[in-house]
Amino acid sequence: MAESGAGYRVELAKTGRAECKGTVCGRSKIGKGDLRFGTFVDVGKFQSWKWRHWGCVTERVLRNVNKKFEGDIKNCLDGFNELNDPIVQEKILRAFEQGHVDEEDEERCRKMASDASEEKDRKIEEGELTSEEEKEPIQDLRKSHKRKSVEKSSVPNKKHKAERKRSPSPKIEILEDDEEIEDVASDKDEEEKPWSGDEEDDDELVVKDSEDETEGVSTIASQRPRRSARRKVDYAESGNEYSDSD
């Protein structure tokens with residue numbers, strides 16, 4: 001079937017289980033007996049037909065199929081000769097000639113999308129949410145989920161931002177007892193107390209000791225023998241010449 005039609009086929013739907021792959025109808029189910037257009041898909045081990053309503057067939061698909069079959073739709077399009085209704089056959093040929101499906105077929109598919117959306121809303125409102133008590137928990141759940149997602153997005157990434165270490169705060173000691181206050185005051189008085197005469201005596205003793213040490217050193221130096229002075233020679237009287245070797 002795929003070989004004869006080169007991967008394209010038209011037929012009346014045998015069941016109502018197939019879902020339309022087009023977007024005009026909002027991917028609604030193709031009803032039994034509705035005209036549908038199929039594309040054969042061969043992906044390795046899997047081979048299948050992808051169906052869409054005739055009103056969901058786009059201008060691009062019609063143009064590509066007509067180009068591939070070189071305008072011979074009657075003999076090349078698979079399933080065309082199996083259609084017993086001449087009105088349906090004429091509709092197909094007219095679409096390939098004008099480059100788009102009839103407006104009524106496209107409008108019918110748009111209505112399917114609108115009806116499907118309204119039916120879905122009706123089931124949600126009347127089927128699942130029949131009372132205000134059931135609506136409120138779901139609304140609260142949506143709000144809490146949204147709030148959690150916002151909080152999660154606001155948390156900084158620990159991998160990219162280093163943690164800052166807090167420096168320890170200085171400890172402050174509070175003296176509440178009078179005894180501790182007096183001890184602190186006495187310590188300050190001792191630190192600021194001026195030096196007395198006794199301390200001066202101690203300094204004088206240290207100075208005297210240092211003077212004694214220096215005197216001892218000087219006596220030792222004075223005990224060393226002094227060099228005798230060179231005797232002066234009067235060269236004029238002796239008649240000898242002056243020489244440094246003497």
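Placed from the backbone N, Cα and C atoms, the Cβ positions cover glycine too.
Per Swiss-Prot, zinc finger is recorded for 8-99, and the stated evidence type is sequence analysis. Per Swiss-Prot, the feature compositional bias 'Basic and acidic residues' maps to 103-126, 185-196. Look at Swiss-Prot and you will find 103-246 tagged as region 'Disordered'. Residues annotated as phosphothreonine in Swiss-Prot: T130. The phosphoserine annotation in Swiss-Prot covers S131, S243, S245 and rests on similarity to another entry. The feature compositional bias 'Basic residues' is assigned by Swiss-Prot to 157-168. If you look up Swiss-Prot, you'll see 175-184, 197-215 marked as compositional bias 'Acidic residues'.
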Count the residues of the zinc finger (8-99) that DSSP assigns to helix (H, G, I), to strand (E, B) and to coil, and report the three numbers in that order.
31 helix, 25 strand, 36 coil
Please give the average pLDDT for the zinc finger (8-99) in this predicted model.
94
